[in-house]
Amino acid sequence: MAFAETYPAASSLPNGDCGRPRARPGGNRVTVVLGAQWGDEGKGKVVDLLAQDADIVCRCQGGNNAGHTVVVDSVEYDFHLLPSGIINPNVTAFIGNGVVIHLPGLFEEAEKNVQKGKGLEGWEKRLIISDRAHIVFDFHQAADGIQEQQRQEQAGKNLGTTKKGIGPVYSSKAARSGLRMCDLVSDFDGFSERFKVLANQYKSIYPTLEIDIEGELQKLKGYMEKIKPMVRDGVYFLYEALHGPPKKILVEGANAALLDIDFGTYPFVTSSNCTVGGVCTGLGMPPQNVGEVYGVVKAYTTRVGIGAFPTEQDNEIGELLQTRGREFGVTTGRKRRCGWLDLVLLKYAHMINGFTALALTKLDILDMFTEIKVGVAYKLDGEIIPHIPANQEVLNKVEVQYKTLPGWNTDISNARAFKELPVNAQNYVRFIEDELQIPVKWIGVGKSRESMIQLF
C-alpha cells in the first residue's frame with residue numbers, strides 16, 4: 001500500500017504553464033489514522049504498522065491527554081505527546097501547530113520510553129516541533145484540577161478530564177493570551193513578561209492557585225535550551241515535505257470522533273478537533289493533500305469517564321468485555337465503560353471523516369460470546385430517528401435497536417489470515433462492512449504487531 005501519490009510540484013512546471021488554472025495542486029498525499037469512537041480503539045497499533053516504511057509521522061491536535069500503546073519486540077511503549085511512529089529510527093516525527101505541549105511531560109515521556117528499549121534512541125534529532133504550537137504550563141494543569149473540583153461541587157458531576165491542562169490551554173489560545181513555542185525560543189525576556197501576565201490572570205481567577213513565577217521561568221529557560229534545535233516553521237517544513245521528492249507521510253490522530261469539540265458528545269469531549277478537519281488546521285496543509293483516511297474501530301465500544309453511551313452494558317457482559325479487554329485508560333488508569341458495537345455512531349463518524357477503510361481491532365475479545373449484539377438504529381419515543389441527538393439529555397434517552405449475530409466461541413488470537421477466522425467471525429466483519437459501506441482493511445486479534453490481519 002503506497003502512502004503517497006506524487007504529482008509534479010508547482011516549481012517544476014514550465015514557465016509557460018504559470019497562467020493555466022490547475023485542477024489539483026501537486027504533492028504527496030498524507031495518510032490519516034483517526035479514532036472512530038471515544039478513543040482507545042488501537043490507533044497506535046495501526047500507526048505502528050504504517051510507520052514501518054513511513055518517512056514522516058505527524059501529530060496535529062491534542063496534548064499529553066492522549067494515550068497510545070505500541071508493542072515492539074515484546075517491549076510496551078506508552079506515548080502521550082510524541083507521535084508513536086517515532087519508534088521507527090528512520091522516521092522524522094512532527095508535532096504540528098494544533099498540538100498543545102507540556103514541556104516537562106514531553107521530556108519525561110521520552111526518557112521513560114528510552115529506558116524501556118532501543119525504540120527511542122536519538123529521538124531529539126528526529127523530532128520537529130511547529131513554532132506555532134501552544135505551550136501548556138503547570139498552572140494550566142492545576143487550573144484543570146480546580147475546574148473539575150468546582151464542577152463536582154456545583155453540578156454534582158465533572159467532565160472527567162485527564163487534568164493535563166488541555167481545556168485551559170486551548171481556552172488561553174482562543175482568548176489570545178496563550179504563549180507559543182516561537183515566543184519561548186525567540187525572545188525569552190518578552191516571553192517572561194507575557195508569562196507573568198498570564199500567570200497573574202490565572203491567580204486572580206483561581207485564588208487558591210499557587211504559582212512560583214520565578215521558579216517556573218527558571219525551569220522554562222532550561223527547557224528552552226533543550227527544545228530550541230527542534231523548533232521550526234511547521235508550515236514551511238510540511239510544504240517542503242509535500243512538494244519535494246516522494247515521501248510517505250502519516251498523520252496520527254489523537255482522541256477520537258466522538259470526543260471532537262464540535263461533533264462529539266459535548267460537553268463530555270476534548271478541547272480540539274479530532275476529526276479530519278483538524279489535520280488541515282493542525283498542520284497547516286490543504287485538504288487536497290489528504291489521501292487515505294483510515295478509521296480505527298474497536299469490535300465493541302468503550303468510553304472513559306461520564307457522558308452518553310447508548311450501547312453501554314452495565315452488567316455481566318460489560319464486565320466480561322472490561323476484564324477480557326483489559327480496559328483501563330493509558331493516561332489515567334481509569335476503568336473504561338464497555339458495551340456493544342454502535343453502528344449508528346460509526347455512520348455518523350464516517351459522515352464527518354469520509355473513511356476510505358477501517359481497522360477493526362480487538363476482535364479476539366469477543367471470542368467468549370455465544371451471541372453478539374450490534375446497535376443498528378436509535379429509537380426515541382418508539383420512533384426510529386435518522387440522526388444522533390446533539391443534546392446529551394436527549395441522547396441519554398434513546399433506545400437502541402440491536403441486531404443479534406451468532407458468536408464463534410473459539411480462540412482466534414493465532415489467526416493470521418481472514419480465511420483462518422471462524423465463519424461467524426468472518427460474518428461479523430462482513431456485516432459491519434455491509435452496514436457502513438466501508439471496507440475493513442485490517443483486523444486485530446491480539447496485542448502484537450503480527451496479530452493484525454490485512455485483508456487488502
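Positions of Cβ are set from backbone N, Cα and C atoms, glycine also.
According to Swiss-Prot, the feature region 'Disordered' maps to residues 1-24, out of the candidate ranges 1-24, 193-216, 385-408, 433-456.
Only His68, Arg336, of the recorded positions His68, Arg336, Val445, have a C-alpha within 10 angstroms of the C-alpha of Asp40 (active site, proton acceptor). When the CA atoms are compared, the recorded positions lying within 10 A of Val330 (substrate binding site) are Gly67, His68, Thr69, out of the candidates Gly39, Gly42, Gly67, His68, Thr69, Leu363.
Here the C-alpha separation of Arg336 (substrate binding site) and Gly42 (GTP binding site) works out to 14 Å.
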